[in-house]
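Straight from TrEMBL, the features:
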- 2: active site, charge relay system (ACT_SITE)
- 77: active site, charge relay system (ACT_SITE)
- 415: active site, charge relay system (ACT_SITE)
- 70-452: domain 'Peptidase S8/S53' (DOMAIN)
- 530-625: domain 'Subtilisin-like protease fibronectin type-III' (DOMAIN)
């Protein structure tokens, strides 16, 4: 569910694809520049939804940019996500010569059904999204990948279209995978927090795109860039944005090269050094600002991150603050400071990975803090995948850009991480077709990794960087091979989710309208902490609390698991029983975990892990606890 698809992309060729399953009921809905011939044995369904959008936002107009009233993708986002999840193998894929190699989706032998619910304006209607969920369920999909969502404040679960639609899908055995949001690294920013969906954080990969900046004194500074043109392969004068501020503009705004803050006469033909500020954080905005006044290029100094936000169409190199400051030092010591850029290139294996991306939204959930979110992390930084050439037509026709349309693009976001997990879920579903969405989520979470490729603890980009914790990556970074054989799973019935909604305090009328089922439940707060998630999150531990979980054996019939606990700081943790014995008649076992606070002061969240081990399998769930003192101590006297 996204912005549509560019069906001509090589990622969607149907070579070797079998006939779609007989149970499939989907259609190939025609429209502007899209007819039934654009579906094949790979794209077996395509629908588009506009009625809700037009009712909510008004009719699409030419001023909104290029768009197609059909499943055809004018934006590129939907083509990128669908090819990441399910794209066929494409040799010699690259973005303007960068990241060259073989591109392949996570589950290249899976079929694709496209539901276009978002448009070039960025608008997505709740009514259209619900209609798409209804159609997808009716059509017979197995997995729904939805790189969608809105930043906080979050709508309640009974009002959120994605939560409602995904509930009905999950109740019918359809896994729903969603993006965690891109407003990190700040806490409580994670979106799509319903316990029945799989919420994905974004991580980095071990590939970067270095560009060398050579100074007039022959010293060099290395940054990152997507620019591969020849605009700055000769020396150009360099100035600091704050030194060429336009009339009546303060130095801070000009120093970050915000729009309409620079003196056009002083900037023309020069490279502008810009520093990220609290108000202007974007290299793309700085580049636009400099481009509009005919500057030669941009060096954008910012917090350290591996996400390249410089535009590809204009000479732009992003560096960290240390490099930016060294450039200022050089400029102050030189009468005529000049710089030139090398071409950007692709380097693999020189970056520690994975790390959690700076932009990836963090937990805890602002809506249901007892549900750990995000669930898991997957690659989402500078990901190469198919793109819609239509999205580049306007830019490519501008006088500043002379290039041909591109069919692949590098892009970053939790939107890119989400389809990685969707592809893995498709593979798991193919091997374990009877597993429920909760079982598949459990297999991924309990086998995820907390280490990078060198065995060091995963780091989360931030201010500053830190060791990653469950609010950054949930269970950890996905490990698909281990998820095939998790040993034990934490399963959940759809009726348990209904009881979760009651425990959240929603009234029965709203819950029945949302779920369309009647499930007798008690409004007990205990149910929130006892929902059988592959994690334990206690946002308010006062003194002592006990939670329960049930595990199902999906490994060898005769198995014995022993508990091991890494207790959160300041917490005593005990497990009862601490040995679980499975055989041919005992496939499910319940256990209890008791938490006791050692502290008598208000605490922050602390993190630990609970392991079940049988000598072969290591089944780990994250444990998150925050100690609180009695609220009456804060009341007025």
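Positions of Cβ are set from backbone N, Cα and C atoms, glycine also.
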Exercise for review: Other Cβ atoms within 10 Å is the metric here; tell me which of the active-site residues 77, 415 scores highest.
Suggested key: 415
Check your understanding: How many Å lie between the Cα of residue 2 (active site, charge relay system) and the Cα of residue 77 (active site, charge relay system)?
Key -> 7
**Study point:** Helix-strand-coil residue split for the domain 'Subtilisin-like protease fibronectin type-III' (530-625), DSSP-based
**Key:** 1 helix, 61 strand, 34 coil
Point to revise | Overall pLDDT for the domain 'Subtilisin-like protease fibronectin type-III' (530-625), taken as the rounded mean | key: 96
Check your understanding: Given residue 415 (active site, charge relay system) and residue 77 (active site, charge relay system), what distance in Å do their CA atoms have, once rounded to a whole number?
Key -> 8
